[in-house]
Amino acid sequence: MANSPTPTMLAFLALGLALLLSATGQASAQNCGCQSNMCCSKWGYCGTGKDYCGDGCRSGPCYGGGGGGGGGGGGGGGGGGGSGVSVESVVTEAFFNGIKNQAPNGCAGKNFYTRQSFLNAAHSYSGFARDRTNDDSKREIAAFFAHVTHETGHMCYINEINGASMDYCDKNNKQWPCQPGKKYYGRGPLQISWNYNYGPAGQNIGFDGLRDPDRVAQDPTISFKTALWFWMNNVHQVMLQGFGATIRAINGALECNGKNPGAVNARVNYYKDYCRQFGVDPGGNLYC
């Protein structure tokens, strides 16, 4: 028939459709803008679960292991995708043990926290120290371990001192309700606390944080994963504002604005020391 499309016309139509879809995909990826607890998938859409946080995840609490689309949001897991430094090359055995060896003998954490457990956890959060410049990446690693050092006493403590006697249950939080007999005191490298942190952290990592919070003090990889989960959701995005912004994100209500200058100074000194070890300037806005 005279009005039937020819093979050549069909080919041009198919090519045009492919280009349109490609452009749409790129535009949505560039403007993902997900909430902090959601992942930006390799196709540029927000959500949770392996379809969004797995292979090719661009930003957010990515599972890692991907190697898909790099760029501004985080790139692939492990050694592929994204910019920044290799975390493994910065966090050497000498650096990690240099912190831990300052803890007194007999500390529970000395036989719990290991460099390998940290690296295993870091592979699940591909945006950590991987989506910015080399110097920015080193500063982020220095900041993370400065807070870990302060929170755990050079990796001495796994559990918060006298934590079991504290009440970290927000009964008004209906999404992550406290479970009978369970305590949500500080555990792990960043001493994650409160039911509203244990619940979503466990959901993201793959354990029941509300019913089994002690898991954070029993499995060193899960322990580091909870720290990195908290970091990526609460601290990573303010890192470029300076180390002081990270203090405010972690414990600002109790330390900033002159409330505990000794704690602030300790965190800053650890950070400056680790930046020196990494050969990078610590930048400005160090205090809060």
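Including glycine, each Cβ sits where the backbone N, Cα and C put it.
For CYS156, the cysteine that Swiss-Prot lists as its disulphide partner among CYS107, CYS169, CYS178 is CYS107. Within the set CYS256, CYS275, the cysteine that Swiss-Prot bonds to CYS288 via a disulfide is CYS256. When Swiss-Prot is consulted, the disulfide partner of CYS169, picked from CYS178, CYS275, turns out to be CYS178.
Recorded residues CYS256 (disulfide bond) and CYS107 (disulfide bond) have their alpha carbons 29 Å apart, per Cα-Cα distance. The Cβ of CYS107 (disulfide bond) lies under 8 Å from the Cβ of GLY153, MET155, CYS156, TYR157, each of these being in the same chain and 6 or more residues away along the sequence.
Residue pair CYS288 (disulfide bond) / CYS169 (disulfide bond) shows a Cα separation of 27 Å. Reduced to three states, the DSSP call for GLU151 (active site, proton donor) is helix. In this structure the C-alpha atoms belonging to CYS178 (disulfide bond) and GLU151 (active site, proton donor) are separated by 24 Å. Long-range Cβ neighbours of CYS169 (disulfide bond) (same chain, at least 6 residues apart, Cβ-Cβ under 8 Å): CYS178, TYR184, TRP194, ASN195.
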